[in-house]
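Taken from TrEMBL as is:
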- 12-39: transmembrane segment (TRANSMEM)
- 71-93: transmembrane segment (TRANSMEM)
- 100-120: transmembrane segment (TRANSMEM)
- 126-146: transmembrane segment (TRANSMEM)
- 271-290: transmembrane segment (TRANSMEM)
- 310-331: transmembrane segment (TRANSMEM)
- 356-377: transmembrane segment (TRANSMEM)
- 389-408: transmembrane segment (TRANSMEM)
- 415-440: transmembrane segment (TRANSMEM)
- 446-468: transmembrane segment (TRANSMEM)
Amino acid sequence: MSGSEKSVRVRRYFTFATGLVECLCFAGAVFGWASLVFVLKTEGYFSSLCVNTTESNGTHFVDCSGQYEQFSLVFTIASFMNNFLTLPNGFLFDRFGTTVARLFGISLYTTGTLMIAFVTPAASNLLFAAMSLLAVGGILFLITNMQVGNLFGARRSTIITLYNGAFDSSSALFLVIKLLHETGISLRASFLFLSACSAIHLFRTFFLLPRKFIPHPLPDGYTYGITCGKSKNLGSEQTTANGETPRKYDNVSDVPVKQEKTFRECFLSRFFLWHLLWLSVMQLRHYLFIGTLNPMLQRLTAGEPSLVSQYINAFAITQLCGVLCAPWNGLIMDRHKGKPRAAGESEQDADLRSSVLSLSLTALQCVLFSVCASTPYLPLQYLTFILQVLNRSFLYGGNAAFISIAFPSCHFGKLYGLVMALSAVFSLLQYPCFALVKGALDGDPLYVNIALTLLSMVAFIHPLSVYLHCRSAQRARNSQSNRATTRT
């Protein structure tokens, strides 16, 4: 192996490793909201909504249900913005490329961390804007990093799911901030440090990622980063069978493309619509669980602060396992790579056939998670936390991987953004669900949890639809092969 080839390989692995760290430590921090709420409550944010109340027996207590409702609304809006604004972010990425999208994301993320650093309990409402900026900036880190999977063709789905798992695990960032706060390090100091880490994001943007895109399939001699277009050795040392030097590609617009489906055809396809439903029902279940975790634990522990803190810590620690769980899904989707395909079967057909098991397992995990979350037994919540992080890592990794294999790569950013945006609209149902529990159900979420468990079963329609499509395609290939045999 020549020195140039070794340099390219090292750069690719370094790009992969630093992207993993970026997703793991920053991108999905907003989903560690339950840990941050514990700190914010201690600091007195929205404390003006707590009121002194007297029960019928004359007992006095402080009712902070209004405070919890406001915290839940902050997370509802931030999670909505995280998904809904993925649509314009996807268009931004597809239109202007990696550098522009990342610079925009870095500016949003840094603004969000600075706002949280300097906001005071007297200006608690600024948390709505700060958390939304943090969420939207974080999802742009994920979108621009997922293309790194194109550098490792045979393990493309595995890397995409791994990055999504790292995104899930980054919710543990707020656990670290909570633990540091308990040792005396202020909230301001923690978020100023996160703001300073923007230098790392800028370094990766200019040195370890392309200006535009990483194409799929990857052309021979492809280079990227700040030295893109200047490497001569690799191209001169590689020649094709007829002695021609392979062409170098600086970005995806230089790559010869075949006729692909239009964006409209992809959007109106059966695959996209069932995939949207698959994602939406399970995402709603997760968002409602995260947004109501604190009041649920308050109810199950009878308001014991140390016990609530113990379970919040356990939940946050399990989130770290997302990066370990997600690659399992990628390995399931990539398990056919390197094996001979059936006669006449395209690579996309093989990928779709392989995705059926992944989609089915994800739906099954969600039902099991929802059943455990619906059971009002405190020790069982440890199992709930494990199932939640397993299912969430499968859900988002599988979502991105399925879009990458079922639709043309030139529409990935737009379709990924669209499915996330539409599922975000669906996820707004979490707030009326929370209001229903707080009001008509007198704080008991049992009936809402049962309804969501039944709704989660709808997700099985999507893998069934993909399975029927693959079986139909197989029958068509067999029929065509039989006709060809008959003619000969």
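Every residue, even glycine, has its Cβ placed from backbone N, Cα and C.
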Stretch contact, the transmembrane segment (310-331) with the transmembrane segment (126-146), Cβ-Cβ under 8 Å, 3+ pairs: no
Closest-packing stretch to the transmembrane segment (12-39), where packing means Cβ pairs under 8 Å, from 71-93, 126-146, 415-440, 446-468: 126-146
The transmembrane segment (271-290) versus listed stretches 71-93, 126-146, 356-377, 389-408, 415-440: most Cβ pairs under 8 Å: 415-440
Close approaches to the transmembrane segment (126-146) from elsewhere in its chain (Cβ under 8 angstroms; 6 or more beyond its ends): 19, 22-23, 26-30, 33, 40, 45, 73-75, 77-79, 81-83, 85-86, 89-90, 93, 98, 101-102, 104-113, 115-116, 119, 160, 163-164, 167, 170, 201, 209, 400, 404, 413, 416-417, 420
Among 356-377, 415-440, 446-468, stretch most in contact with the transmembrane segment (71-93) (C-beta, under 8 angstroms): 415-440
